[in-house]
C-alpha cells in the first residue's frame, strides 16, 4: 500500500505559537490524496475541480465551503482555473474563549457535515476578513497571533451566519441569481432541470445567466449538472448496494444505457468497473 502523504504544521506555520494562517491556491493544482496534522477551512472563489474528501467526490465551484479535520483525507483532480483559499489552524493552539466545537463542524473529530455553500453576500464578507487575517498572520509584530485568532473567530462566526446546505437556500435569502441557480441544480439530482422555467420564475435572461455561470465556474450549466450527478453516482456505487439501473434513476438519468455512456465519458470506466475497483477500498 502506498504511503499516505501527510502535510505537517512545521511547514505551514511560522512558529509553534501560531494558531492560524492562510494558504492561497491561485490556482489550485492537481494535488494527491493527503492528510494533515492541522485542520483547515476551504473556500472556493471561482473555477471548478473534483474534490474527493474521505472517498466522496464533490464537483466544486465558486461558493463551496469545506471544513476539513486533520484526519480527513482529500485530494484535488480535474481542476480548471480553480481558485481557493485554505484557512489552516491548529485547534490545540487556539486560546480565544469561543465555542469552537459548536461553531466548526468536526472541530474535535472527523465528523459532522463537512460540505456547505456560501452565497455572494457571505463570500464578499468572508473575503474581506480573510484578507485581514492573511495580513495579520504574516506579521512579526507584538500580538500578531492574538489579532489573527480574533479575526479567525470573526470569520468562523461569519461563515456560520451565511452558510447553507448545498441544495437548500434559506427562504429569506437575498443571494444572487447565480447562487440560487447552483442551489437549484444541486436539488435536481433526481429530477429534470429546466433552465427556461427557472429563468421565467426569476424574470431573467437565459443567455445572460448562461454567460455569467460559465464566467464564474468555467463550465456550462449542463456540464456542471452532469458532473454533480456523476459524482453522486460514484458515491452510491461505492457505498451502496443499489443496482446500477437504480443508481441511474437516483442520479437523474431516465435511461441506464445513457447513464453508462455519460459515466464512462466522465470517469474513463464503466459504472461496474468503477464499483469493482473502488469496492476494494472499503
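Glycine residues also receive a Cβ, built from the backbone N, Cα and C atoms like all the rest.
As recorded in Swiss-Prot:
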- 179-277: domain 'HTH araC/xylS-type' (DOMAIN)
- 196-217: DNA-binding region (DNA_BIND)
- 244-267: DNA-binding region (DNA_BIND)
- 246: site 'Interaction with sigma-70' (SITE)
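Remark: secondary structure over the domain 'HTH araC/xylS-type' (179-277) totals 73 helix, 0 strand, 26 coil, with classes taken from DSSP. Beyond the ends of the DNA-binding region (244-267), by six or more residues, the same chain brings 188-192, 225-227, 229-230, 232-234, 236-237, 274-275 to within a C-beta distance below 8 angstroms of the stretch.
With a cut-off of 8 Å between Cβ atoms, the residues of this chain six or more beyond the DNA-binding region (196-217) that come close are 46-48, 61-62, 177-178, 180-181, 184, 224.
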